[in-house]
């Protein structure tokens, strides 16, 4: 702790001046307090501010612009912006087409659905989304989750029609969840997926997805439905006699090509388009190679026929009957939360680079509506994937028109070019997925977590190993449970510390953080760093008592002045409930039994209001034992110690503080 000082804190003023009063806030009607609480909880950004003092017609226009962001930037759109968006849109289309086909296979869905999902949802997002850089499409993790969860109930090969309908239904429920969170402004629920959780979960999912692609690399026809690494590796190495060397060689060649272009673009950022075009180039080269060599006759599996034409309607295909509705609902809720968290995080990241803000609730509504509309038009789960958005950003996109350009390019592919994908080898799709997954294994972020916060690193690794050795659901549940447990630990075990005086100042700080701070003789100053609730009231009672015990033991050992006052610094206590008030009453009784005086410093308005209503201040503590600052409390207590007083001066004397 610090060393004792038998004089007033250095720099303290003479104790003849009047101290500032601790005021309780004016009482507010219950409905007004409730309105304020709801506003701060659901509308922290005050979206209604722009409607104040506006005419009715202007309010209608502002309302339309709020719900349809395209109306805000479309009138200012020009040809210069279009040129940038055109280049970006064509670039991301070259990535979206092969990725869409690949990720659909990952979800055990027909490859054509990957193209459908890159056509309708981007158009919806361009109208409703507020992000300029997000490129919409299917994602590997969402596809993996969809395939893993639906496959537990329905076999995609034995009953492909039912499996397909459940995928549409899960997408619908995901959209309803996302839109509801945005409409009711409950996006803070997504915040329970901490950064550490997402890093670990994404890394684990990327590892599992990469290993599953060994099926395509080695040309295996039968493979495990499990996602854990042990089952996957057992499935791979138990079928060594069925490995196709032709497929393996082709896969290794395309892996080398894709990794090389990725490395080149990383080292030469100006040539970002090289890595962006590499997947489509691989598809074209692979298709030509199979076509001219007839490799499909020698064990190289190909996509086969893709249906020509635009998205067929699928409203009537949604399944709302038992026993499968619960499966679709569970899948939709989990995949919706995961992809929503990813999309919001990606959108905010790129918005930060360009110094503009996105409205998280608008984005949630946009994601929700594009998935709802997508489920009606033969699409499955979509969001804003990082890889595609990064390409869009680097390509120089200016607005969401780049998504429209991409959708038009996909539309032409659906109308005229699907026969060209007949000879596309599955091994190329596996290679594309494996390389894309490498970008999701963010080992640098894990190292950063280790350096900054070991517990966050533990959460990250729990999510990672839960996914890799268990399943995607287990990894997610483990990580969320640990994150919530940590949150509860913060609430139930708040930090408390002894404060001392910084020499030559009236400043009081934690003696552990500032070892040169000095303990004021006869006083114990304790800071409480959290609101006092039922969850931590018992702990705080025991911890404060132990601080007093330790201080008295220290004084006995050093032969210093006996302890007379215990000052609680309430600066960080923003609120208190009835359990907390009961704890304060118990602390007061404990101090009285020990012949110590309890003093409160800088209690917040809400705390003062509740302590006053409970009569703790009036009947137990006394108004004269509350001070506006720690410095004033120390000054008053030190004055009484040096003048042998046991109580502050009466209301008529200058010591009055209320």
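Cβ atoms are placed via backbone N, Cα and C, with glycine included.
Annotation source TrEMBL lists region 'Disordered' at 1-24.
Taken from TrEMBL, the feature transmembrane segment covers 162-186 (among others). The list of residues near the transmembrane segment (162-186) in space but at least 6 beyond its ends in sequence, with Cβ under 8 angstroms from a Cβ of it, reads 42-43, 107-110, 113, 146, 149-151, 153-156, 314, 317-320, 324-325, 327-329, 331-333, 335-337, 339-340, 360-376, 378-381.
Residues or ranges marked as transmembrane segment by TrEMBL: 192-211 (among others). If you look at the transmembrane segment (192-211), the same-chain residues 6 or more away from its ends with a CB under 8 A from one of its CBs are 106, 140-141, 144-145, 227-229, 232-233, 236, 337-338, 341-342, 345, 433-434, 437-443, 445-446, 449, 453, 456-457, 459-468, 472, 475-476, 479-480, 483-484.
What TrEMBL records for 243-265 (among others) is transmembrane segment. Nonlocal intrachain contacts for the transmembrane segment (243-265), taken as residues 6+ away from its ends with a CB within less than 8 angstroms of a stretch CB, comprise 216-220, 271-276, 278-279, 282, 286, 289, 295, 298-301, 425, 427-428, 430-432, 434-435, 438.
According to TrEMBL, the transmembrane segment annotation covers 271-292 (among others).
What TrEMBL lists as transmembrane segment is 333-353 (among others).
What TrEMBL records for 365-383 (among others) is transmembrane segment.
The transmembrane segment annotation in TrEMBL covers 395-416 (among others).
Here TrEMBL flags 422-441 (among others) as transmembrane segment. Remote same-chain residues near the transmembrane segment (422-441) are listed as 98-99, 101-103, 105-106, 140-141, 202-203, 205-207, 209-210, 213-217, 219, 247, 250-251, 254-255, 258-259, 262, 279, 282-283, 286-291, 295-296, 300-306, 386-387 (criterion: CB distance under 8 Å, separation of at least six residues from the stretch ends).
What TrEMBL lists as transmembrane segment is 462-489 (among others). With a threshold of 8 Å between CB atoms, the same-chain residues lying at least 6 positions outside the transmembrane segment (462-489) that come near it are 141, 144-145, 148-149, 192-194, 196-197, 199-201, 203-205, 207-208, 226-230, 334, 338, 455, 535.
Across the domain 'STAS' (513-637), DSSP classifies residues as 67 helix, 22 strand, 36 coil. According to TrEMBL, the feature domain 'STAS' maps to 513-637.
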Average pLDDT across the domain 'STAS' (513-637), rounded to a whole number:
92
Excluding the flanking five residues on each side, which residues at least 6 beyond the ends of the transmembrane segment (333-353) place their CB within less than 8 Å of a CB in that stretch?
131-134, 139, 141-142, 145-146, 149, 170, 173-175, 177-178, 181, 187, 189-190, 193, 198, 201-202, 360, 363-364, 367, 371, 381-386, 389, 393, 473, 476
